[in-house]
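Engineer: Before I ask anything, let me first share the structure, which is written out below as structure tokens.
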């Protein structure tokens, strides 16, 4: 791949990752709890970062914000980390756009290169900020999931927001990696930064 195309592709992947982070943050389906009696579902409760919804077997849904019910500790941390990730992603995209050669925000080419590299590092950091709450919530759900025990009347499942979070993490790591890798070159002594030449 041509060196000038890699940062552009990385920036595009990071933009899709930003969209995924926003969707994951907004969706009320981080985890799903289902209550069963005699193998018949009585109620489903879906929890997101901003509200909890109860869905009856007839499909009737009632949602309530966390100002009325306590927000679990892991969801508080997830909310904070996802919001921080979104802010870092926006800053990374702004730095990536400002560091492109066709933009004239910064006339010095070395400064533009450093801004673009910083945007790649920001995408990698944002990927970790998405990965941590998604992994933590997935681990908590797996600790409560007992599929082979017939006495269990409540089951916890992964929600759609977690799958989107995993996909977003991959996009952010790929985007950040592509942007950062375009600033290395191979010579006889190993890898060096392009803007330190």
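Glycine is no exception: its Cβ is also placed from the backbone N, Cα and C atoms.
Predicted automatically and left uncurated, TrEMBL annotations should be read as such.
As annotated in TrEMBL:
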TRANSMEM  80-103  transmembrane segment
TRANSMEM  115-136  transmembrane segment
TRANSMEM  160-184  transmembrane segment
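Walk me through the surroundings of each of these features.
Structural biologist: Same-chain residues lying 6+ beyond the ends of the transmembrane segment (80-103) with a Cβ under 8 Å from its Cβ atoms: 4, 7-8, 10-11, 14-15, 17-18, 21-22, 24-25, 49, 109, 112-120, 122-123, 125-127, 129-130, 132-133, 165, 172, 176, 179.
Long-range Cβ contacts of the transmembrane segment (115-136) within its own chain (Cβ-Cβ under 8 Å, at least 6 residues beyond either end) map to 7, 10-11, 14, 17, 21, 24, 74, 77-78, 81-82, 84-86, 88-89, 91-96, 98-100, 106, 162, 165-166, 168-169, 172-173, 175-180, 183, 193, 195.
Distant neighbours of the transmembrane segment (160-184): 3-4, 6-7, 9-14, 16-17, 20-21, 23-25, 27-31, 48, 82, 89, 92, 96, 113, 116-117, 119-127, 130-131, 133-134, 137-138, 191-195; these residues of the same chain sit at least 6 beyond its ends, with a Cβ under 8 Å from one of its Cβ atoms.
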